[in-house]
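Per TrEMBL, these features apply:
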ACT_SITE  Cys78  active site, nucleophile
ACT_SITE  His141  active site
BINDING   Asp38, Asp39, Cys78, Asp288, Asn289  Ca(2+) binding site
COMPBIAS  336-348  compositional bias 'Polar residues'
DOMAIN    30-417  domain 'Sulfatase N-terminal'
CARBOHYD  Asn203  N-linked glycosylation site
CARBOHYD  Asn486  N-linked glycosylation site
MOD_RES   Cys78  3-oxoalanine (Cys)
REGION    336-368  region 'Disordered'
REGION    562-648  region 'Disordered'
SIGNAL    1-26  signal peptide
Amino acid sequence: MAAVAAATRWQLLLVLSAAGLGVTLAPQPPNILLLLMDDMGWGDLGVYGEPSRETPNLDQMAAEGMLFPNFYAANPLCSPSRAALLTGRLPIRTGFYTSNGHARNAYTPQEVVGGIPDSEHLLPELLRTAGYASKIVGKWHLGHRPQFHPLKHGFDEWFGSPNCHFGPYDNKARPNIPVYRDWEMVGRYYEEFPINLRTGEANLTEIYVQEALDFIKGQQAARRPFFLYWAVDATHAPVYASRPFLGSSQRGRYGDAVREIDAGIGRVLRLLQDLGVAENTFVFFTSDNGAALISAPKQELDLTTAAPGHLPGEPSPGVVNLNLRPDSGWSFISTTVSVPQNSSSPTSDGPGREPGGQTCPEGGSNGPFLCGKQTTFEGGMREPAIAWWPGRIPAGQVSHQLGSIMDLFTTSLSVAGLEPPSDRAIDGLDLLPAMLQGRLMDRPIFYYRGNTLMAVTLGQYKAHFWTWTNSWEEFRQGVDFCPGQNISGVTTHTQEEHTKLPLIFHLGRDPGERYPLSVASTEYLDALHRITSVVQQHQETLVPGQPQLNVCNQAVMAAAQHSRSGPLRARPSPLRPVRAPAPSHRAAAQSRPAREGRKNARGCGGETGGPRPRAWPCPPSCAGAEPPSPPGPAPHADARLPSAEPAPRVRDTCGATMADPELQLVARRIRSFPDFPIPGVLFRDISPLLKDPDSFRASISLLANHLKKAHGGRIDYIAG
């Protein structure tokens, strides 16, 4: 393997002296520390212009290192971005997506039995070949079944949970979430590791900080290079902080959590300095996706107050100098970062409020960007990012390089003297040339939602092929991912197609994505031409992985294993955005091994095997069952910019009646469903009968009533 060959540059080098007596050892490979936040927004740090400036340690880290204002997650949700960080690959390649109609539930609660496939090479596996000890602290979120355990994928140590602290959902009042030390379950959130949902008090961040400190001390004593992946989740709702930090912030409970994380990172960086290894440790700070504005319905900051006492565009302490003139948006005009003089000075707005009177008790800030988590607008995927490597990365610099969380995989390998795998497509770039030499590299940013390519950024231009924030049904229930930011023709509550004439924004002039370019302008046509070429090339070479994040349960697994007609075959909706071709068994057997040299993981649930830890939450019947087959081949996209035939829609799922032709069709076909020959298990998949996800939702009650009558009131599972 290329990684093994390249590792020799850091192996022990024997140099005999002229007298034949002395032996000199090569320098120890650099340590690697990746700090991944959860749902933290671009505008949550003082150095990014957050008005209350309550992150002195992260601001200092930026002043001593390099800021990346144009850094992106690989997905607007947790699990896919985390998979992308550790593999250097788009989630569509690794199977970290869902092929359902709304393409949003891309995470791993207990209903999802998939996870990171064995066919993927994770960062700690590769670093192990160069002698690194690896530990993950905090949230894993790449599968909760035994075969997906972090220690099966290269990590030597783990303290944390397979899921976030808000789920699984078998007990919403007191979620049943295990906490592990390596293979042993040492307790559960809300029990041995309490979280007070009323006050927000929890000591988890303090525990995670101590785990990091102990690991660093231990590896330094053993003189072994380390990789530490510190993935805390305190800023994910419901946010929490320890008692000393509760009430300490001007930004409510969310601000308390940010302050505690900032203090913890400060302790870790000081330890590196005290041990004398700071100059041999590469540190990178970022977040998995944008802030969850759904948790902060009134959070709209007046960012012109980001530096009190300074005029817009004038240099100000503790923030990247920005030009806030209305005609130019948030354009960066400085390439330096200064240290805040007073990072904790109070304002007259009082605790729990942003300057300007905006409350944000549970959610963060995405700065000037549109919307937040779960959307492919800038607020959902542009992240805070800081690189720190004293003596190597020049202090106080700002890089305008378009960066991605996937780059941390390739960059970390480069730091360790390793090459990325050559048997598969790697999407991450090596950012060391940007960090050490100030170079800028051309590259696109792909915005996926599920297996749908929603948008692409190339240079300063961003093209939206599809727009969708959340459904009208959710919106009427008070769920809004763009609170107070809805823009006519841009933010939408239905899946709106723009593939023939994409919405194109110039992010330098319009970072808030409010003013699309005129389709008649030369600028628009030129940007469209260049972006079209990039999309075409991307789709021609893309080999999607088997979808790991479709919702499944034990009944589905049993049905797939015992059905006489073979495994169930999920079918994609004919409503097809700019969507990657879904893999079939034949395509998986021929295309991907030929291009990437490895076998595919199996559909919903991945591959089985491996030691089962004590108390790991996976029923035996689930662990040994054959998962359903992946979807059959989907229609290929248009050669220019893919488009879809408009699908008929039920006007309102709440008001749908039997007069709707789609529902009449559903009723007729439901009555003709044959039973699966599985005693005690009833499974029905009606997705092939419907042209549109809204119609499916509207027909659920009709289907349920029919099945209750036909089967004595018992329904085990209804899939869609």
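Using the three backbone atoms N, Cα and C, a Cβ is placed for every residue, glycine included.
All annotation found in TrEMBL is predicted automatically rather than curated by experts.
Feature map: annotations from TrEMBL on the structure.
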{"residue": "Asp38", "record": "Ca(2+) binding site", "DSSP class": "coil"}
{"residue": "Cys78", "record": "active site, nucleophile", "DSSP class": "helix"}
{"residue": "His141", "record": "active site", "DSSP class": "coil"}
{"residue": "Asn203", "record": "N-linked glycosylation site", "DSSP class": "coil"}
{"residue": "Asp288", "record": "Ca(2+) binding site", "DSSP class": "coil"}
{"residue": "Asn486", "record": "N-linked glycosylation site", "DSSP class": "coil"}
- Pairwise CA distance, His141 (active site) versus Asn203 (N-linked glycosylation site), rounded so that it is a whole Å: 20
- Note on the structure: Apart from the site residues Asp38, Asp39, Cys78, Asp288, Asn289, the 8 Å Cβ neighbourhood of the Ca(2+) centroid comprises Met37, Met40, Ala73, Leu77, Ser81, Asp233, His236, Ser287, Lys373
- Query: So which recorded positions are near the residue listed as 'active site, nucleophile', with CA atoms within 10 Å, out of Asn203, Asn289, Asn486?
  - Reply: Asn289
- Query: Ranked by the number of other Cβ atoms within 10 Å of their own Cβ, which of the recorded positions Asn203, Asn289, Asn486 ranks first?
  - Reply: Asn289
- Item | Alpha-carbon distance [Asn203 (N-linked glycosylation site); Asp39 (Ca(2+) binding site)] in Å | 19
- Query: Within 10 angstroms of the C-beta of Asp288 (Ca(2+) binding site), what count of other C-beta atoms is obtained when all protein chains are considered?
  - Reply: 29
- Same chain, |i - j| six or more, Cβ under 8 Å of Asp38 (Ca(2+) binding site); the result in sequence order is Cys78, Lys139, Cys164, Ala231, Val232, Asp233, Ala234, Thr235, His236, Ser287, Asp288
- Among all the protein chains here, how many other CB atoms are within 10 A of the CB of Asp39 (Ca(2+) binding site)? 28
- Have a look around Cys78 (active site, nucleophile) and count the other CB atoms within 10 A of its CB, chains all included. 26
- For His141 (active site), the number of neighbouring Cβ atoms whose distance to its own Cβ is within 10 Å equals 27
